[in-house]
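This report concerns only the one structure given below.
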Ligand code: DLZ
């Protein structure tokens, strides 16, 4: 249910292009994996629903969200990859790790996208609590993995 496009109120599906020949890289953080797996499933289902071929979707795991940037670069450098979707969950703790990780990932993914001139999508769920993250991974606030995939498709239509 959370993967339905009807939940994508901010995206206009009529703008979406034919993606049957497009290749997608998913980079998924293992940290908070019970949640990132749901984000990944949402992204995958959304791509397939829009016509991407299963064999054109490449999922790669990285240890934590901090490594999303390098994982994205490993994929983006391949000419045949059209878009990269990065998924992670960073939950605030007692230290400032969340700040450091989120800023590093935001800046890093921006750089990778600009360097390779292809969509590199920031699908990082950054919350204060585990429950808020679950709400955004198939819960009451939808699934950010779905939105990340939709963003990639929309950008490919440019
Ligand atoms: C170390 C760390 C911490 C404290 N918290 C998170 C988190 O909430 N979400 C996440 O994806 N990763 C976390 N990590 C791991 C870092 O992203 C990274 O994998 C390690 O610091 C190794 O570079």
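Numbers here mean position along the shown chain, with the first residue as 1.
Using the three backbone atoms N, Cα and C, a Cβ is placed for every residue, glycine included.
Look at TrEMBL and you will find 31, 65, 66, 67, 89, 90, 91, 122 tagged as 5-amino-6-(D-ribitylamino)uracil binding site. Taking the Cβ of residue 89 (5-amino-6-(D-ribitylamino)uracil binding site) as reference, residues of its chain lying under 8 Å away and at least six apart in sequence are, in sequence order, 29, 31, 32, 35, 36, 39, 65, 124, 125, 126, 127, 133, 137.
Sequence-distant contacts of residue 94 ((2S)-2-hydroxy-3-oxobutyl phosphate binding site), defined as residues of its own chain at least six apart whose C-beta falls under 8 angstroms from its C-beta, are absent. Annotation comment: TrEMBL describes 94, 95, 136 as (2S)-2-hydroxy-3-oxobutyl phosphate binding site.
Secondary structure at residue 97 (active site, proton donor), as computed by DSSP, is helix. The active site, proton donor annotation in TrEMBL covers 97.
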For residue 97 (active site, proton donor), write down the residues of its own chain that are at least 6 apart in sequence and whose Cβ falls under 8 Å from its Cβ; none is a fine answer. 90
Going through the binding-site residues 65, 66, 95, 136 in sequence order, which have a CB under 6 Å from an atom of ligand 1? 65, 66
Return one of helix, strand or coil for residue 89 (5-amino-6-(D-ribitylamino)uracil binding site), based on DSSP. strand
Among 31, 65, 66, 67, 89, 90, 91, 122, the record's 5-amino-6-(D-ribitylamino)uracil-binding residues, the widest C-alpha separation in angstrom comes to 16
What number of additional C-beta atoms lies within 10 angstroms of the C-beta atom of residue 91 (5-amino-6-(D-ribitylamino)uracil binding site)? 18
Quick one: pull the CA-CA distance for residue 67 (5-amino-6-(D-ribitylamino)uracil binding site) versus residue 136 ((2S)-2-hydroxy-3-oxobutyl phosphate binding site), whole Å only. 21
